[in-house]
Amino acid sequence: MKITASAIGLLAAIPSVLGVWPIPRTLKEGSSNSEVWWVDIKPSGTVGPIVDNAIVRYQDLINKESFQSPVTWDVTQVSTSGSFGGVSVSVESTDETLNLDTDESYTLDVPVSGQATLKAKTPYGALRGLETLSQLVVTNGASKAIRNTPIHIEDSPFFPHRGLQIDTSRNYLPVSTLKRTIDAMSYNKMNVLHWHIVDAQSWPIESKTFPDLQKNGAYSAKETYSHAEVRDLIQYAKERGVRIIPEFDVPGHTYIVGKARPDLMSCMDIQPNWDQYAAEPPSGQLNIAKPETIEFTNKLVKEYTGLFTDNVFHLGGDEVNRKCWKEDPDVQKYLAAHPGEDVESLLASWYSKVHEYLGSLNRTAYTWEETLFHSTYEPPKDTIVQTWIDEQSIPKTVAKGYRSVASPANYYYLDCGHGAWLSNWAAGNSWCDPFKTWMKIYSFDPLANITDPAQQKLVLGGEALLWAEQSDETVLDSRLWPRAAAMAETTWSGKKDATGHVRTTEEVASRLHEQRFRLVGRGISAEPMQPVWCVRNPGHCNLP
């Protein structure tokens, strides 16, 4: 056994929970260390297929993983006074329904010696508990150990929606990359993959209703997603406690539809002054004066609500350009024949018909905030509003009685800070500069400026977002992690501890370093947060 004097002091100051990310809501721990030679995970009673599969997965992961804390790196071994005897997993219900109301709570007890117990109300609570268990086990000489036993953890999420949005239209992401991202989400107890599948630039997903959308809209025959691949991905995510919410953004951001159905479009690829007709090139929107666009959209909604199983469906609705429609001959002709109407009333009617149809399919609409704030349309009250323009959109949304998913661009947009991507703008910056550090992300509180408890309950959680103008599979991991993990903790654990203390980035940095190194060990190419010297010397790299 080799323990340096400095390491003894460090170990005394740092509890075992240092290695758990997100931090559990309630933790009690002792002062012993338990030796671990082999982790044997057994179900207690019937636990269902998802937990059965997770037991196999986590038993393999824990027994093969050789994780040593980057903070206590010079401690090769600690003395142990007990022996870990495996873990028994039980669930109250084997119902595998996964939605916004799913209970993810769990209780984990690890004695000094003997068998640990993991109890949960649902399979998904068991998944979260298994992840916590995996983070408690660390390398200890020739064996492994769980430090500071006995440990008692009672844990549950602060918010029910802890999401990550990825974009596969600007640049394609292979299914294997999506699965790796889902793995990383599960390691951080995130539970919603918001899949922005299509946009103006490409349509990679198969459509059986309109096959030419993928045929004419995918970047290549290899850069596509079949129905079978999507179904497999949905099940893969469910096995890890992750819901997949698809987004089909309408009526804006739809240039690519025009490659298959030009008859449905307005302002297709206006050049060179595209900026007058779209937020980014290429321009093109569904023509809201044509009833055929509603029929087309509803057929797509019908197809994809049949493919995607989640009861929430994202309809987009952001960044529509009025000039595009005001200059369209079909829109002008329609308005001339209907003198009581204008573009705003046309848009509100269009939204209404699409949202009404989605509701008839027993799906809840998820939409960008412009649908609520930048149009005269009043969505149904069960609509979930993604608030992104700034943090003030959140209290404004819940004040109107709508549920909000916090996604403020000035905190949660992970693509910001990489410069302009327009080829002739050498001096340009990204519109949402600067780069959002993990500390900036961690500092945000979705409940800020909301004092009414009833309105606070309308905040469902948050989403970190990566738009893909400048990212693909080669850089995805480093753009997402560990920054998305910062949001994962604040939405799982909340901003405050049990005493009401607001956690600071200085206090949590060592734990996030651990999580980043753990992710790298698990095949996730998470970027470093600091030089390794700073990791090994907590508190020595702070601003005076």
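Keep in mind that glycine also has a Cβ here, set from the backbone N, Cα and C atoms.
Curation plays no part in TrEMBL annotations; they are all automatic predictions.
What TrEMBL annotates here:
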type     : residues : note
SIGNAL   : 1-19     : signal peptide
DOMAIN   : 20-136   : domain 'Beta-hexosaminidase eukaryotic type N-terminal'
DOMAIN   : 159-494  : domain 'Glycoside hydrolase family 20 catalytic'
ACT_SITE : GLU319   : active site, proton donor
*For the domain 'Beta-hexosaminidase eukaryotic type N-terminal' (20-136), jot down how many residues DSSP puts in helix, in strand and in coil.*
30 helix, 36 strand, 51 coil
*asked:* Within the domain 'Glycoside hydrolase family 20 catalytic' (159-494), what mean pLDDT does the predicted structure show?
replied: 97
*asked:* Using Cβ atoms only, which residues of the same chain lie under 8 Å from GLU319 (active site, proton donor) while being at least 6 residues apart in sequence?
replied: GLY252, HIS253, ALA278, ALA279, TRP368, GLU370
